[in-house]
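S.K.: Submitted below is the structure of interest, expressed as structure tokens.
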Amino acid sequence: MKMNILFVCTGNTCRSPMAEAMLKEKLPQIEVQSVGIFANENETAHEHAMQVLEEKGISFTHRSEAIRLDHMHSADIVLTMTEDHKHVLLRLFPQYKEKIFTLIEYVSTEKIPLFQGGYNIPDPFGGDVLIYRETAETLETYIDHLVRKIN
């Protein structure tokens, strides 16, 4: 059975689709999905997110989805972009608490102080393409840690 990883952010148009695309590129043998806590259904990923992925040589198509019980049930690991996302999921789906982590928390070997940003990947929404590139670089760092942890 394939491992199934679910990435979660707010609208499922910026961070979680970029994380999904990056992990699929690095580990095509596993199942990877992304959803949003407050996502509008069937929206494309943000144009800057798609541009940044293209710059990295990653081809990706995406339509946003809102989180549902079946996503939580089928995922082996649920990785959120922020601690707030994690807390929302823990309230909505307490039965799955053992598989809900922030991405940074899951791959980190030590506690990260709150003044350093805690376990949060900043939201690039509303920013220019440079902000999306920064977010993509941050995501790629943690996706690389995730790949090593999975392997």
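Every residue gets a Cβ built from N, Cα and C, even glycine.
Sequence annotations record features per position, and here TrEMBL assigns active site, nucleophile to CYS9. The active site annotation in TrEMBL covers ARG15. The feature active site, proton donor is assigned by TrEMBL to ASP123. Taken from TrEMBL, the feature domain 'Phosphotyrosine protein phosphatase I' covers 3-149.
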S.K.: Can you give me the same-chain residues 6 or more apart in sequence from ASP123 (active site, proton donor) with a CB-CB distance under 8 Å?
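M.R.: Listed in sequence order, they are CYS9, THR10, CYS14, ARG15, MET81, THR82, THR135.
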S.K.: Grab the pLDDT values for the domain 'Phosphotyrosine protein phosphatase I' (3-149) and give me their mean, rounded.
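M.R.: Residues in the domain 'Phosphotyrosine protein phosphatase I' (3-149) carry a mean pLDDT of 95 in this prediction.
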S.K.: For the domain 'Phosphotyrosine protein phosphatase I' (3-149), jot down how many residues DSSP puts in helix, in strand and in coil.
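M.R.: Helix/strand/coil tally for the domain 'Phosphotyrosine protein phosphatase I' (3-149): 72 helix, 20 strand, 55 coil.
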S.K.: Can you tell which of the active-site residues (CYS9, ARG15) has the fewest other C-beta atoms within 10 angstroms of its C-beta?
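M.R.: Output over active-site residues CYS9, ARG15: least Cβ neighbours within 10 Å is CYS9.
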